[in-house]
Amino acid sequence: MKILSVEQTRTLDQYTIEHEPIAPINLMERAAQAFTDWYTARFDKSRPVRIFCGLGNNGGDGLAIARLLTQLEYSVQTYVVRYAPRESEDFMHNHRRLKLISSITYIENERDIPVIRNREVAIDAILGLGLSRTTEGIVQSVIDAINHSPATVIAVDIASGLFADTANGPNSTIIQPDYTVTFHLPKLAFLQPTLGLYVGEWHWVDIGLSRAFIERTPTTYFYTTEKEVRHLLRPRNRFSHKGSFGHALLLVGSYGKMGAGVLASRACLRSGVGLLTVQVPRCGYEILQTTVPEAMCQPDGHLHILSGQPDLEAPELSTYSAIGVGPGIGTAPETLAMLRKLLSEAQKPMVIDADAINLIAKNRDLIDKIPKNSILTPHPKEFERLTRRWTSDYDKLGILRDFAQRNRFVVVLKGAHTAIATPDGTTHFNSTGNPGMSTGGTGDVLTGILTALIAQGYDPVEAAVLGVFEHGRAGDRAAQNRGQIGLMASDITDSLRWD
Ligand SMILES: NC(=O)C1=CN([C@@H]2O[C@H](COP(=O)(O)OP(=O)(O)OC[C@H]3O[C@@H](n4cnc5c(N)ncnc54)[C@H](O)[C@@H]3O)[C@@H](O)[C@H]2O)[C@@H](O)CC1
Ligand SMILES: [K+]
């Protein structure tokens, strides 16, 4: 699913109005109806509703929602925050219609702000995509009052005061909603880790904006949906055999961190790889053979770390259809030497994670040795070591895009809504996963998944989008079974289902 800029969204609204065609006021009615349907499916009439409206079209939506909820016999009190002398045309139209059936309270200064009580619902329709400057004056006071109230807060389209695709200045006053119900497409702000407080749980509702326009509008930002992922997944041929699904090599583990190797190996096997060889320090040989009997084990000559001096005659690297390196390997000098040799000899895209990334960050000449189209899977701290500190989420997105494009890597920046930056300059945000997955070993599981997908012949961008989605989906299934708090990395592997 595409994520459009504010400017593009405005053009999309306009295009829909002209080409459907539909009168602007009817499009607003559709938006209000979609919000109302979402609301009535979740909240019953026992909870009084206070709707706070601005003077633009976001306020117009609020007035229309107030009318629709009043007609459904919800207990509604409507407020108009009078921060400017002018109202939008569609605001005025909905104002006239609401006045016929209900009263409206005007907020011009602080003493007009009502006390908002527990069990009430506050609907925020003060400012939407038209936000052009930081909030101030009476708007700021109303936002503060809503934020300090015990009510459930629901933002219409976007929280008032939050810019949809650029950074807010420090000390901005922004609604902190429990829910955001947005029209038609997600906004970039909803996917940024530091803005979660200003988004809450977000839902999007379809308001029938032009599909044709969305299809031909260029964007570099995408939000992965289940439908898209279904198209990526390749069905298995009845006559296939284990040779059809590739042979992966994982270089993992060190003394005290063999668990990372086991987690990556099991996830790799659960993700459909045909054959798996795992290279581990000698101390990990029995551990791996015992816990992952399905894998072949290639012990390193070193007892505690990977040194790149195999104990047994090792096959050529070209034997393997995919190579994954990093989980649990540590950063010993011998391991650095192993990584240097591996990167120089590898011909195909690899999966590079954890300490392999830390070693690369400290030895930057290695960046040029990484095969093009390799997948790097840093968490934010590792990515910062690889690049630089960022000043905002949007600054980080720029750094991410440039790094992936310049080096021709696929970079999977892990977190809520993991961002996948590709060599062609696009960024895909993931839609699955939950906070229960913020626990040791989940990244090792992802490395195993991605290595298995590359081994099966998936293109690295497809592998990253599909693998990250299924990793999150398995995490969601695991959280359903045991709750988020008790979730462990191995539960994710056990919950993988590729159909
Ligand atoms: N355009 C369309 O066809 C549709 C628009 N819809 C709604 O319309 C919204 C956008 O409406 P508008 O473009 O009228 O914009 P808003 O309603 O977000 O803003 C209204 C006005 O507030 C002023 N303003 C900006 N920043 C301010 C600040 N910090 N303090 C005080 N005033 C400020 C602006 O000059 C702007 O004209 C969307 O978010 C959505 O809710 C929906 O009805 C769906 C259809
Ligand atoms: K709003």
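Heads up, the Cβ atoms here are built off N, Cα and C, so glycines get one too.
Because TrEMBL annotations are produced automatically, they should be read as predictions rather than curated entries.
These numbers come from a predicted model, not from an experiment.
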Subject >> Residue among SER5, SER160, SER172, SER210 sharing the K(+) site, where TrEMBL lists ASN58, ASP124 as binders >> reply: SER160
Original post:
So which of ASN58, SER160, THR418, listed as binding-site residues, have a Cβ under 6 Å from an atom of ligand 2?
Top reply: ASN58, SER160
Original post:
Can you list the residues of the same chain, besides LYS414, GLY415, ALA416, HIS417, THR418, GLY443, whose Cβ falls within 8 Å of the AMP site's Cβ centroid?
Top reply: HIS379, LEU413, ALA419, ASN430, GLY433
Original post:
Just checking: which of ASP157, ALA416, HIS417, THR418, GLY443 have a Cα that is within 10 Å of the Cα of ASP124 (K(+) binding site), counting only these binding-site residues?
Top reply: ASP157
Original post:
Cβ under 6 Å from ligand 1: which of the binding-site residues SER132, ASP157, SER160 qualify?
Top reply: SER132, ASP157
Original post:
What mean pLDDT score does the domain 'YjeF C-terminal' (225-499) have in the model?
Top reply: 96
**OP:** According to DSSP, folded down to helix, strand and coil, what is ASP124 (K(+) binding site)?
**Re:** strand
Subject >> Extent of the AMP binding site in Å [max Cα distance among LYS414, GLY415, ALA416, HIS417, THR418, GLY443] >> reply: 14
Original post:
Considering only the binding-site residues ASN58, SER160, LYS414, HIS417, which residue has the minimal Cα-Cα separation from HIS379 ((6S)-NADPHX binding site)?
Top reply: LYS414
